[in-house]
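Taken from TrEMBL, the feature domain 'DUF1736' applies to 248-320. As annotated by TrEMBL, repeat 'TPR' applies to 493-526, 527-560, 561-594, 606-639. Residues or ranges marked as signal peptide in TrEMBL: 1-21. Residues or ranges marked as transmembrane segment by TrEMBL: 136-156, 168-185, 191-209, 221-245, 311-328, 393-417, 423-443, 450-468.
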Amino acid sequence: MIAELVSSALGLALYLNTLSADFCYDDSRAIKTNQDLLPETPWTHIFYNDFWGTLLTHSGSHKSYRPLCTLSFRLNHAVGGLDPWSYHLVNVLLHAAVTGLFTSFSKILLGDGYWTFMAGLMFASHPIHTEAVAGIVGRADVGASLFFLLSLLCYIKHCSTRGYSARTWGWFLGTGLCAGCSMLWKEQGVTVLAVSAVYDVFVFHRLKMKQILPAIYKGKNLSLFLSISLLTLWGTSLLGARLYWMGNKPPSFSNSDNPAADSDSLLARTLTFFYLPAKNLWLLLCPDTLSFDWSMDAVPLLKTICDWRNLHTVAFYIGLLLLAYYSLKSPSLERECDGKFVTNGRQNANGHSCHSDVEYRNSEIKPGFASKVENGIKSNVSQRTQLPSTENIVVLSLSLLIIPFVPATNLFFYVGFVIAERVLYIPSMGFCLLITVGARALYVKIQKRFLKSLIFYATATLIVFYGLKTAMRNGDWQNEEMLYRSGIKVNPAKAWGNLGNVLKSQSKISEAESAYRNALYYRSNMADMLYNLGLLLQESSRFAEALHYYKLAIGSRPTLASAYLNTGIILMNQGKTEEARRTFLKCSEIPDENLKDPHAHKSSVTSCLYNLGKLYHEQGRYEEALNVYKEAIQKMPRQFPPQSLYNMMVPFRDQ
């Protein structure tokens, strides 16, 4: 229990400096402008809308169904309003809880000693977690991890009691319920069912690949295959329900979110998608360069075979395959001597054992517990007090690293990002276990005390460096200005553009204009940046320049209703009423299909209709004005203030 408490305490301490942080980046849309958090919105809407408050079946929905996370935001809002302190506190406490559970899980594999401490402390301090913990929307990943581990621990209990206790199916039920909750925090949580199956086959039953088919053929351990079948059935049911609930349609993303997915070159798509997992692993190994956003050109496409980054890809997959091959297919190094297992000539070396192929072939796989009668009382006695072998832990670690990451690989469907650090929160568990078991294997193999000490201090130093990096990275998440400035070297277009918005809100107009122009220098077709620059110029009474950038924004994104709105307002103020009328009409006809933020779009369309009605009213076209106001009332979203429309309709009451 000490290891769990110490690791949790470190996870808590490292993120205390985030409690003073503000809302940053995606927090604005998920929390500050999300109607599902407001008390006047029925709480049941949470189960029909996506993470950002858009109806799941809407064509522009992100399809990110995370109702339990949104519900936690709503509870935060009910208790503390929009005070970011309480939101950050929940994130930090969740991370501490996940760290404790992960350490407890590591103890099952590594025993109660230094190596469990190392795994727990490494997970607590890893800098890749900063986005998930310091960024409030990252709570989806942390919450999913909490139930992911609870589900896995329940399944481990199910394995150890299977066939000897009626409680075993209670533990299995807990596995299924926690897996469902994990998926309702974030989609990748459902992958815990596959990891549980790997644990059962390769860790609990200690099978090698070549032993699986003979076991099925001979009908051995039917309880094992029953459990695996039930896991598969439950996982399929969860995925089917998830697809049905989101309308059986995949989400659509803009080209800039995932440039490789939009590339016309099959070679570029293939090389880039194969390279990205290697890039993610490098972020786990050396989290020196981190960014709030990895979209656009943050990771340039690999367009030719000659790109030197292909060497990273080849090295990554060769290393992965070799590690998996020797873990799954290597013959047992153990033999039995005088009733005790001997490894490399040493009895119970490193506290491990594994069953040899001969042992497997000559007897059925034994369960973890057997019954005996002592003093007339039947009790369960563990037959497997030894820890899993290094090879088995490596297999489980690889499954923890790879399986939860598969949904982010673009293998089954395109995702809306190139790299997302928070997605690595669950896979980092497998990474921490791999590093730990690798260090332990070296420690056991090496004979010289000096080298053993070197390994010990090297791992301790790594944890210290990770902790320092985490504390420093948390500083970048204190506010949006610091966060965006830290991302300029990775994603200059997105960072400069967002920084411009922050500087403008601080009334630093000239600096904001420079930031917008810097963003457009790196990516000239960003409709949002063109619009934001036009808005800044309009507010500075530079109307001709503003019109120019609004037209560029519309050319880049013809559905950008807010650009039509402001263009029409400028034209109307300049006396160009016919051009303004055509602009407002065109805006009012833009559908909200496949739009990322349909609520904002509807607000802009309603404002266009309001201004069109006002224009008609000033021209004495009262009947047309009244019809336009009625249309605006029909189309206005919930958050639009209706009083302005009703006030404009007052003169028509007596007509």
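Indices start at 1 and increase along the chain as displayed.
Here the Cβ of each residue, glycine as well, is placed from N, Cα and C on the backbone.
The largest share of C-beta pairs under 8 angstroms with the transmembrane segment (311-328) comes from 191-209, of the ranges 168-185, 191-209, 221-245, 423-443, 450-468. The recorded stretches the transmembrane segment (168-185) and the transmembrane segment (221-245) share 3+ CB pairs below 8 A when only pairs 6 or more apart in sequence are counted, and are therefore in contact. For the repeat 'TPR' (527-560), the model's average pLDDT works out to 94. Within its own chain, the transmembrane segment (221-245) has Cβ neighbours under 8 Å at 56, 65, 158-159, 162-163, 172, 175-176, 179-180, 183, 187, 190, 193-194, 196-197, 200-201, 205, 215, 364-365, 367, counting only residues six or more beyond its boundaries. Helix, strand and coil counts from DSSP across the repeat 'TPR' (606-639) read 27 helix, 0 strand, 7 coil.
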